[in-house]
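Pulled from TrEMBL, these are the features on record:
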REGION    1-22  region 'Disordered'
DOMAIN    38-182  domain 'Flavodoxin-like'
BINDING   91, 92, 93, 94, 164  FMN binding site
DOMAIN    240-493  domain 'FAD-binding FR-type'
BINDING   417, 418, 419, 420, 450, 451, 452, 453, 644  FAD binding site
BINDING   507, 563, 564, 569, 570, 571, 572, 573, 606  NADP(+) binding site
């Protein structure tokens with residue numbers, strides 16, 4: 001269906017373009033005639049791309065650009081034909097997939113009905129945030145860059161693809177790329193005289209105001225009391241397609257002397273409309289900060305006396321709305337408990353904002369050094385390598401005081417955390433953290449564990465042991481919280497008779513357990529192989545007895561690399577090379593599938609190199625030919641990986 005010609009006196013409604021293809025030729029009268037406007041559209045799964053976009057927009061405003069920031073899926077797509085100058089920032093999730101808040105936008109761009117000149121009025125560039133440990137490194141950003149060009153958009157600046165494997169993380173690419181971007185932008189659109197760049201010491205107005213109303217009374221049932229065993233109510237922070245889950249089991253499955261506390265969690269969902277899940281699916285939840293930690297933060301900042309006073313969050317900027325899951329009626333305590341993450345490692349933008357909130361010139365100088373290109377090594381050593389939290393950084397910079405009205409500008413939002421479901425659909429919902437609960441001692445001489453880690457460890461489960469008779473402690477009610485189920489990126493082969501090779505070191509074994517349980521108990525498959533890696537057989541061999549029983553029954557072959565049980569360290573890649581004949585038969589002769597999950601540091605690359613050696617040896621190929629062979633197997637969907645930082 002062609003787009004009708006629209007009379008100039010009858011501008012089309014936004015709803016019209018939700019249904020019609022993009023066609024700038026019919027809509028030139030709608031163009032925004034503000035060449036110094038920049039639109040920043042981001043797709044973000046963990047908040048990193050959003051942080052980059054918001055920080056870049058602040059820099060743009062210093063150069064007197066009109067800057068707007070939006071998640072791609074939140075942006076009114078009917079207005080895209082008005083935009084002349086757009087910066088896209090896209091992260092990567094799963095197997096080179098788009099973040100959740102980019103999926104609808106991407107599907108919209110892929111419509112075949114869009115003409116090839118639909119966006120010929122637009123100049124754009126793309127920044128990708130990814131991890132080179134993945135085969136599909138920065139896939140969403142690369143596809144987006146190409147698709148925009150197919151629709152007629154013109155790149156005004158070269159794209160960049162930041163790599164989380166860089167020792168500075170994405171900042172290793174981001175800084176130089178932004179410097180070049182502003183140079184090009186100012187050459188194209190100079191600052192109008194007599195205006196000048198707004199100096200760094202000038203701070204912009206806060207995006208939100210926290211307006212206290214002592215006469216207002218907040219219903220206690222609609223406001224958290226900071227206990228850890230009460231679920232959010234429906235109107236508080238339940239998100240779409242969420243279901244209330246009851247915690248049945250919360251047990252440690254690593255030895256008590258092991259330095260990693262990995263937990264096996266079982267949940268019960270009674271909602272009659274709960275759709276269930278598939279093997280390899282992912283469970284997400286939004287954790288909360290512990291009451292003790294919040295109290296310490298309130299006391300440090302001098303906010304204890306007003307922590308429970310009712311307030312309303314007021315938006316000051318039309319292009320910076322309050323996130324939908326945060327209620328406008330709040331208290332400072334509920335904001336810090338349920339929504340703001342002050343116990344995470346800060347990004348560079350946090351140090352940039354801190355400069356405005358200290359009168360101490362020495363502190364200002366140190367902060368400026370941290371955010372400068374020359375100071376990136378020092379920032380990494382001070383903050384990222386040591387995993388310092390925002391609270392700890394504030395404690396080091398003692399004269400910094402964050403105004404309450406800037407809380408939502410300075411402190412990041414608590415993001416949902418993802419967990420691999422470790423059970424098959426025929427069983428109860430079981431989950432294991434994608435990131436183990438790591439409690440390591442560092443040079444700070446403090447125990448390190450994340451917000452979600454600490455929150456989960458402190459949750460009460462229905463199957464917890466009853467209190468002893470010697471105590472008068474009353475058994476607590478099991479914890480409840482909202483969860484969402486998302487499709488995993490790993491897929492089983494359709495034919496259960498073909499071999500399945502699972503490679504899941506550490507907590508990477510969680511989705512493999514789901515797949516293997518489904519294959520064995522639901523499909524009757526027996527050609528299953530598992531490569532597992534841990535440190536010590538007696539301390540962190542997850543589900544060891546279960547695997548050994550399945551092997552004894554002839555339903556599984558397991559190869560375990562326990563790296564610290566002998567003088568020479570042995571990892572899964574070494575066992576893969578040792579079992580070259582078995583692997584070659586599975587993937588070449590029998591056309592089987594390989595699934596890989598676990599840490600995204602060196603492991604995926606080491607495993608791929610081992611597989612290439614196996615292919616080269618058994619197939620009598622060169623390493624280059626073996627690499628091409630593995631790439632072809634990956635394109636066929638017979639080699640898949642799902643790894644995480």
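For all residues, glycine too, the Cβ spot is worked out from N, Cα and C.
Look at residue 93 (FMN binding site): DSSP puts it in a strand.
Counted with DSSP, the domain 'Flavodoxin-like' (38-182) comes out as 58 helix, 35 strand, 52 coil. The FAD-binding residues named in the record, 417, 418, 419, 420, 450, 451, 452, 453, 644, extend over a maximum Cα to Cα distance of 18 Å. Ranking the binding-site residues 417, 564 by how many Cβ atoms sit within 10 Å of each one's Cβ puts 417 at the top. If you compare Cα positions, residue 644 (FAD binding site) sits closest to 94 out of the binding-site residues 91, 94, 164, 507, 572. Long-range Cβ neighbours of residue 606 (NADP(+) binding site) (same chain, at least 6 residues apart, Cβ-Cβ under 8 Å): 571, 573. Working note on the binding-site residues 452, 570, 572: by count of other C-beta atoms within 10 Å of each C-beta, 572 ranks first. Residue 419 (FAD binding site) has a Cβ environment of 24 other Cβ atoms inside 10 Å. Cα-Cα distance from residue 570 (NADP(+) binding site) to residue 164 (FMN binding site): 26 Å (rounded to the nearest whole number). When the neighbouring Cβ atoms lying within 10 Å are counted for each of the binding-site residues (94, 450), the highest count belongs to 94. Sitting within 8 Å of the Cβ centre of 91, 92, 93, 94, 164, and not among those site residues for FMN, are the Cβ atoms of 45, 96, 97, 99, 129, 130, 131, 134, 140.
Ranking the binding-site residues 91, 92, 94, 572 by the distance of their Cα atoms from the Cα of residue 419 (FAD binding site) places 94 first. Note: the CA-CA distance between residue 450 (FAD binding site) and residue 164 (FMN binding site) rounds to 19 Å. Other Cβ atoms within 10 Å of the Cβ of residue 92 (FMN binding site) number 26 in total over all chains.
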